[in-house]
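Enquirer: There's a structure below that I have some questions on.
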Amino acid sequence: MEIIFALITISLCVAVLFLLAFVWAVRSNQYDDTYTPAVRMLFDDPQEEKPAP
Amino acid sequence: MNTTAAPIRTATGCAHCGDDCPDEPLRLPAQPELAFCCAGCKAVYELLDANNLCQYYALGEERPGQKIKPVELPGRFDYLDADSVQAQLLSFRSAELARLTLHLPQMHCASCIYLLEHLYQLDAGVTEARVNFLRKEISLSYRPADTSLKAVVTLLASLGYEPQISLAELGAQPHHGSRRLYYQLGLAGFCFGNVMLLAFPDYLSFTDELAHAFGRFFGYLSLVLALPVLLYAAQGFYRSAWAGLRQRYINLDFPICLGLTSLFAVSSYEVLTQHGPGYFDSFTGLVFFMLIGQWVQQRSYDALRFDRDFTSYFPVAVTLLTAEGEKSVSVKELRVGQRIRVRNQEVIPADAMLMRGRGQIDYAFVTGESVPVAKVAGEVVYAGGRQVGEAVELEVVREVSQGYLTQLWNNPAFRKADQPTLETYANRVGRYFVAATLLIAAGAILYWYPRDEQMMWRAFTSVLVIACPCALSLATPFALGSALTVFGRHRFFLKNAAVAETLGRATTIVFDKTGTLTDVQRSAVEYRGPVLSAQEQQAVAAVAAQSTHPLSQRLLQELPASVLSVTDFVEVPGQGLRGVVEGMMVKVGSAAFVGAGAVPTAPANAASPAQGSNLGQSIEQSAGEPEINDPAADTTDNLQSRVYVSLAGDLHGCYRFRNVYRRELGPVLADLGRRYRLAVLSGDNDSEQDRLRELFGPEAELRFRQTPQQKLDYVAALKARGETVVMVGDGLNDAGALQQADAGIALTDTLTNFSPACDAILDAGSFGRFGSFLRFTQDCLQVVLATFVLSFIYNGLGLGLAVQGRFTPIVSAILMPISSLSVMVFATLLVRLAARRRRL
C-alpha cells in the first residue's frame, strides 16, 4: 500500500499544474472580460469588395 | 392661432438611432427608404456605409445608434494635443505606437462592440481596438505618425461615443479589476478538492483500515493544504472583521472569522495530537463557498458599476491666462498663483480666489444644494462648484490634489447618516449571533464540566465551529445580486444592494414635477408673431446653437440647420442670448432681455408643425421651472416657457414651450397610490393643480412654488415623522432633496448623465414599470429573510448536535456544504421566481 504515497504525490503535482494554469489564465486577462469575446466571434469578416464611396 | 398639439409619435424611426423622425425626415438620395431624424445621424450612417460597416445595423439591437448631439463646441478636444495630457492618458507611448484605454459610457449592445472594434476602417492610423463591454472600456492602439489622440477622440465623439475623460481617467491604467479574488477562489477550490479527497476514507467506515494506515499522512497533508487557504484565501474575512473591530463594531465577518479560526485550531490540534482527522475539508469548503458568494457580489456590481467617483466631475483641462494669452492646460499642472478663466457651466477645478467677474457658484455636486451662492471679487471659491453666469477669472490658492478631492467627496453632506441598510441588518444579526454563540458555548461548558471534561472541550469547539454564519453571509449577495441584475436588464440601476432594501421599505414617494412627471423633450413648441423668413430662422438657430441651455437645444430642433457664423456672442444667464449674425443683432431670451414690453399680438404661425425627437442632450434645467439660468425665468406661466426673439432691435415674436406629462404616468400613479403616500413638489405655480389632483388622487400632497431648499426641507420633515421616503426627481435641480431622501432616484433620458446625489438611476423609458420595481424590491426582502430563516435552521440543527458533543467531522462535512449550497440556490431561484411573477 506504500504506492498510495507516491500516487497521492503525483496526483497533487498534477493538480498543482492545473492551479498554475488557472493562475496563468487570470494573469493573461482571460477573466477580465467574460462577455465581449462571446460576441466578437459572431462578427463577419469585412467583405472584400468595397462599394465606391 | 395655430397650436402644435402634444406630439403624437410618428411611425418612422430614425434608421440610425431609432428615435422618432420629424414629419419630413432626412433621407439619403441613394436609399430613400431610410429615414433619419437629424443631420448627425445621417452623417454617421453615410460614414459607415462608405466604409462598408453597415453590419453595425444588423447586429444586436435594432437601430443601435447613438443620437448625435449637434452642439459641437469648437476646440473642445484641443487639450488632447497637450503633451502633459497625453502623457497621463496614454499607457504606452513611442514614436511608432501609442496605446490608451478610454471609458465610453454610451456602449450598450453588440453593435457597439462591432463598430468600435472596426475603428481601424474609419481611421487608418488606428492599429487595434479592443472593447471590454462589461467595463464599457475600449483599449486603443494607434500610430501617432498617422493620426492623433485628438483625431481619434473626435471620431469617437462624432460616432456618438464620446469618451468620458476626466481627472479620474488621467493617469489611469487599463483596469485589471480585482484579480485577487480570482486567485483566492482558485486556491481555495484547489485545496478544497484535494482535502476532500484525502478526507474521503473518514467518511466511509469500510475504509477504516486505510484510515489507520494513512491517517497521519493524510492529516498532515490536509493541514499543509489548509494553511494557504487560511493565510491567503480567507484574508478578506479577517481584514473586514478586524476593520469592524477597530471601529468598535461587530459585523457579520466577525462570527465567520471566529468559526473559521476555531475550525482550523481544532483541526490542527486533532491532527497534531493524532486525536482524529480534523475538519479541514469543512474549513476549506466553507472558505471556497463564501468566496463564491463574494465573487457573485462583485460580478453583479461590476456589471452595474456606478461611477460616482468625485473626480469624474472635474474638468481635465482649464483655461490658463498667461502673458501670451489663453492656454489650455491639464488641471494637474495648475500651480498656486496662476490665473484661470472659468466660463458659464464650468466646474471650478481648484480652490481659488475670485479676481474678476461676478461669481454665482452652484455647489450642487458638493453639498447637494443647487441654489448658487453669490461671490464677489476677493472671495475664495472652492473646488467642485460650478460657475453659473458670466466667465470669471480666478487665482489658484491651492493646488489640485487627489487627496483633497477625495476629502471633499467624503464631505459629511454626502454621507447618509445611520441609514439602516440590509448590510448592517445582516451585521446586526451577526452581533446577536456572536452573543448567542458564546452563550451556548458557555452553557455547553457548564453542562459538560461536571460530567466529562473531554466532552466539554469537544462541545465547546463544535459550537464555535457550527455557529459560523457562512450561509447567512451568502444570502444577501445571492438574493440581491440577482435582483440588481434583473433591474439592470430593465434599465433601472441601483447604486448598491442596500438601495433595494430601502426601496422595499418605502412608505412615501415624492415626485418632482418638471422633468420627472413631465417629459421635457416632448414639449410642444409653438411660435407666435410675424412669420420669420428662412434666413431669419437660420440666424436664430445659429445663435441658439451657441448655448447648451435646454430651451436653446429644444428650440434648435424646431429650426432649420444653420451654417451661419455668429460673432460677439454673449449668453446672459437667466436672461438670454445675444449675437451678431451677418451684421444683424439677434437676441433670444426673456421679454425684458429682448426689449419686449408686451406679447406681440400679430398673427401667429407655427414655427415647425412637427415634434422633433429628443436630442439625447442632457437637460441641465428643466424648461418651465424657474431657475436662475432660465432664459424664460420671468415668463413662466401655465406650464409654459416663452422665449422671445428680436432681430436687429425689432421684437419679432416668441416661442412657447408647453410641457406634456409622461405617457405611462396615469397607470403608474394609480398603482402606487394604492400602496404609498404620494406627494408632488413643483417649482411651478399651481395652474396644473386640478390635473395633478386627478392623477394623484385626493390624499396626495401637492406643493407648488417650491424652491430646492423647500423641497429638501419637505423631505427632511417627512423623514423626521418616521417615513421612509423615496424621492423621484430629474437629479439636476432637486439634488438636495434626492440626497436628503432615504432613496433618491434620478429619472433620466440619458443614462450617462446623473447627479452624484442619487442612489439609483431610472431610464425614462422604464418609468412605466416603476410600480413593479417597487413590488419586486419587497419580494426580494422577503426572499432574504426567508434565506436567513433557512440558514438559521441549519445552524440550529448543527448546534443541537454540537451541544451534545455529537458533531463529528462527517456531520460537518455534510451539513456545511449543503447549507451553503442550498442557501445560494434557494436565494437565486426565489428571486428569479419573484421577477417572473412581477413580469420583470
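From the backbone N, Cα and C atoms, a Cβ is placed for every residue, glycine too.
Keep in mind that TrEMBL annotations are predicted by a computer and have not been checked by a curator.
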Enquirer: Could you check which of B:31-49, B:278-296 is flagged in TrEMBL as transmembrane segment?
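Expert: Here TrEMBL associates transmembrane segment with the stretch B:278-296.
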Enquirer: How many helix, strand and coil residues does the domain 'HMA' (B:98-164) contain under DSSP?
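Expert: Helix (H, G, I), strand (E, B), coil: 21 helix, 19 strand, 27 coil.
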Enquirer: Count, for each of B:181-200, B:250-272, B:278-296, B:462-487, B:810-835, the Cβ pairs lying under 8 Å from the transmembrane segment (B:783-804), and report the range with the highest count.
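Expert: Selected stretch: B:462-487, with the most Cβ pairs under 8 Å.
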Enquirer: With Cβ distances under 8 Å as the criterion, find the stretch in B:432-450, B:462-487, B:810-835 that has the most pairs with the transmembrane segment (B:278-296).
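Expert: Looking at each of B:432-450, B:462-487, B:810-835 in turn, the most contacts to the transmembrane segment (B:278-296) are made by B:810-835.
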Enquirer: Counting Cβ pairs under 8 Å that are 6 or more apart in sequence, does the total for the transmembrane segment (B:250-272) and the transmembrane segment (B:810-835) reach three or more?
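Expert: In this chain the transmembrane segment (B:250-272) does not contact the transmembrane segment (B:810-835) - fewer than 3 Cβ pairs sit under 8 Å.
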Enquirer: The transmembrane segment (B:462-487): which same-chain residues, six or more beyond its ends, come within Cβ distance under 8 Å?
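Expert: Answer is 252-253, 255-256, 258-260, 262-263, 266, 279, 282, 286, 289-290, 293-294, 296-297, 299-301, 303-304, 422-423, 426, 429-430, 433, 436-437, 440-441, 444, 493-494, 497, 500-501, 773, 776-777, 780, 783-784, 787-788, 790-792, 794-795, 798-799, 801-803, 805, 807, 812, 815-816, 819-820, 822-824, 827-828, 830-832, 835, 840.
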Enquirer: Where else in the chain does the transmembrane segment (B:181-200) make close Cβ contacts, counting only residues six or more beyond its ends and a cut-off under 8 Å?
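Expert: Here the qualifying positions are 207, 218, 221-222, 225-226, 228-229, 232-236, 277, 280-281, 283-285, 287-288, 291-292, 294-295, 298, 809, 813.
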